[in-house]
Amino acid sequence: MIVTIDGVAASGKSSVSSGVARALGVPYVSSGLLYRAAALLALEAGAALEDEAAVLVLLEGSGLRLEPLAEGNRVWAGGRELTPDLHSTRVDKGVSAVASLPGVRAWVDAQLRALPQPFVAEGRDMGTNVFPHAQAKFYLTASPRVRAERRARERPEDIPAIEAALTKRDEADRRQISPAVDALVIDTGPLDLQGVIEVILSALPEHEAGRTS
Ligand SMILES: Nc1ncnc2c1ncn2[C@@H]1O[C@H](COP(=O)(O)OP(=O)(O)OP(=O)(O)O)[C@@H](O)[C@H]1O
Ligand SMILES: Nc1ccn([C@@H]2O[C@H](COP(=O)(O)O)[C@@H](O)[C@H]2O)c(=O)n1
């Protein structure tokens, strides 16, 4: 069983996926963390973010590995945990450039498709490209202002600066972002976190919502 939850930046994908995954008793998979890790490795190595060959060498040589858990995903480069460094402002700014490289996308897609099922997968193209045969698909939206207000609780920047950065990232991710035709689109603006999780759980086919492993 695969459930996909895609959406724009800071629309609640990882928080909602974690809640849905816990309710189903399965892990969730954060595809964005692998793109963030690729950007971090490139930034740390001083590689140009547009240099596909250099980024691929870093990915192949780093022992990069996603550890999907229902409570939260962790990313490792060999024995070093990258997770705490993946949500910095510099990674936010650089990640879209790395994610637009076809070779990097193919590398990430292969990692994701190799993971053992069942799981909830979240990102931008989980329902359209990576897991087009998923049993249930969702797409989260909310206005840039609402998303910025939520994110401001986690970042040092003020709301207008966060809103501008989110809008810029949505624009840069435009090619990766599109709801699957068979996805249920949810405007999370008027809903709290639990409300979004409940909308998704109640939309799942009965046998998926009831399963615990
Ligand atoms: N429906 C909601 N109501 C209130 N707060 C929410 C809601 N959904 C998410 N949040 C909060 O918004 C923030 C962003 O959520 P989250 O990190 O899950 O989004 P994301 O889509 O995974 O972000 P990114 O695209 O940057 O990885 C978090 O602080 C989260 O707790
Ligand atoms: N399926 C995906 C997931 C993510 N990206 C890129 O990674 C960035 C970070 O993702 P978050 O989910 O953590 O926001 C995102 O801005 C995209 O550039 C992607 O291309 N495809």
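Keep in mind that glycine also has a Cβ here, set from the backbone N, Cα and C atoms.
Copied over from TrEMBL, here are the features:
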DOMAIN    3-203  domain 'Cytidylate kinase'
BINDING   Gly7, Val8, Ala9, Ala10, Ser11, Gly12, Lys13, Ser14, Ser15  ATP binding site
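Using a 10 Å radius centred on the Cβ of Ser11 (ATP binding site) and all shown protein chains, the other Cβ atoms total 26.
Over the domain 'Cytidylate kinase' (3-203), the average per-residue pLDDT in this prediction is 95. DSSP assigns Ser11 (ATP binding site) to coil in the three-state reduction, outside any helix or strand.
Listed in sequence order, the residues Val16, Glu122, Leu140, Ala142, Arg147, Thr188 complete the 8 Å Cβ shell around the ATP site centroid, once Gly7, Val8, Ala9, Ala10, Ser11, Gly12, Lys13, Ser14, Ser15 themselves are left out. When Cβ neighbours within 10 Å are tallied across all protein chains shown, the highest count among the binding-site residues Ala9, Lys13 belongs to Lys13. Only Ala9, of the binding-site residues Gly7, Ala9, Ser11, Ser15, place a Cβ under 6 Å from an atom of ligand 2. Of the binding-site residues Gly7, Ser15, Gly7 has the largest number of other Cβ atoms within 10 Å of its own Cβ.
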